[in-house]
Amino acid sequence: MLLVIDVGNTNTVFALHDGEQWVNQWRSATDSTKTADDHASWLWRLADMQGVDLSRVQGCVVSSVVPHAQFNFRNLARRYLNVEPLFIGEPGLKTGMAVRVRHPEQVGADRIVSALGAHVAYPGDLIVIDSGTATTFDIVSADGAFEGGIISPGIYLSMRALHDAAAQLPRIAIQKPPQVIGKDTVSAMQSGVFIGYIELIDGLVRRIKAEWGRPMTVIATGGVASLFEGASETIDYYDQDILIRGLLEVWKRNR
């Protein structure tokens, strides 16, 4: 089995692939102070509850946007799985994906892996929207190259900033309001956050398509992407497995 680990700014995803399909996925809050022992204790406990034998793991691939967390995940793989993990972004690691931007070294590992995961699953030119701490729009050409993109604040980050900067505005749940014009503070905030974000997504997608000049397929992924299902006019597919699929592809290309 292969263990893939996606360390994001907010959440960390652990997923197991048995050579044919994904068999388990677990999610925890990202905490760079957690040791390898902490991760192992949590992971083994969940695996035992579901009857999963982690001693069968023969490889590990890690994508991390949190540099301070990498040491502990490397130790997790070495000490508890007895494997040497592959880390996205390490010298010599092959992704097979050209990065056609001015400073390739500045592109986050998660964005490259998501672009790869989308390319192997969907034909043609793509826009990959990843909604997490930040919302990224990544452009993938039909020949499998990362062509650049857009980075904007994530929906939760925007909502938290609104609450933190304005003392009288409450924390709210993100949900679609019944109408655009809010009739109280909460519905007005929900309209601004939810509908405002849908307009951000749809507006930027339309501008990207106009600039690109060729048909593009739009795929949404990330922790809050499902919130937009049925509300966006431009998203074609919702796919939560893009990044772990990309990690699996990296593993295959570096065996």
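Glycine is no exception: its Cβ is also placed from the backbone N, Cα and C atoms.
Look at Swiss-Prot and you will find D110 tagged as active site, proton acceptor. Positions annotated as ATP binding site by Swiss-Prot, on the basis of sequence analysis: D6, V7, G8, N9, T10, N11, T12, V13, T133. If you look up Swiss-Prot, you'll see G108, A109, D110, R111, T185 marked as substrate binding site, on the strength of sequence analysis. Feature annotation from Swiss-Prot assigns K(+) binding site to D130.
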Remaining residues near the recorded ATP site, that is with C-beta within 8 Å of the centroid of the site residues D6, V7, G8, N9, T10, N11, T12, V13, T133: T30, V65, V66, G132, G223
Cβ neighbour count (within 10 Å, all chains shown) around G108 (substrate binding site): 20
Of T10, T133 (the binding-site residues), the residue whose Cβ has the fewest other Cβ atoms within 10 Å: T10
Diameter of the substrate binding set by C-alpha atoms, the set being G108, A109, D110, R111, T185, in angstrom: 39
Neighbouring C-beta atoms (10 Å sphere around the C-beta of R111 (substrate binding site)): 24
Alpha-carbon distance [D110 (active site, proton acceptor); D130 (K(+) binding site)] in Å: 10
Pairwise Cα distance maximum in Å, ATP-binding residues per record: D6, V7, G8, N9, T10, N11, T12, V13, T133: 14
When distances run from the Cα of D6 (ATP binding site) to each of the recorded positions G108, A109, D110, the nearest one: D110
Between R111 (substrate binding site) and G8 (ATP binding site), the C-alpha gap once rounded to whole angstrom: 11
Inter-residue C-alpha distance, T10 (ATP binding site) and D110 (active site, proton acceptor) (nearest angstrom): 13
Distance from T12 (ATP binding site) back to T185 (substrate binding site), taken between C-alpha atoms, in Å: 33
Inter-residue C-alpha distance, G8 (ATP binding site) and G108 (substrate binding site) (nearest angstrom): 11
Where the residue listed as 'active site, proton acceptor' falls in three-state DSSP terms: helix
Assigned conformation of T10 (ATP binding site) - DSSP reduced to three states: coil
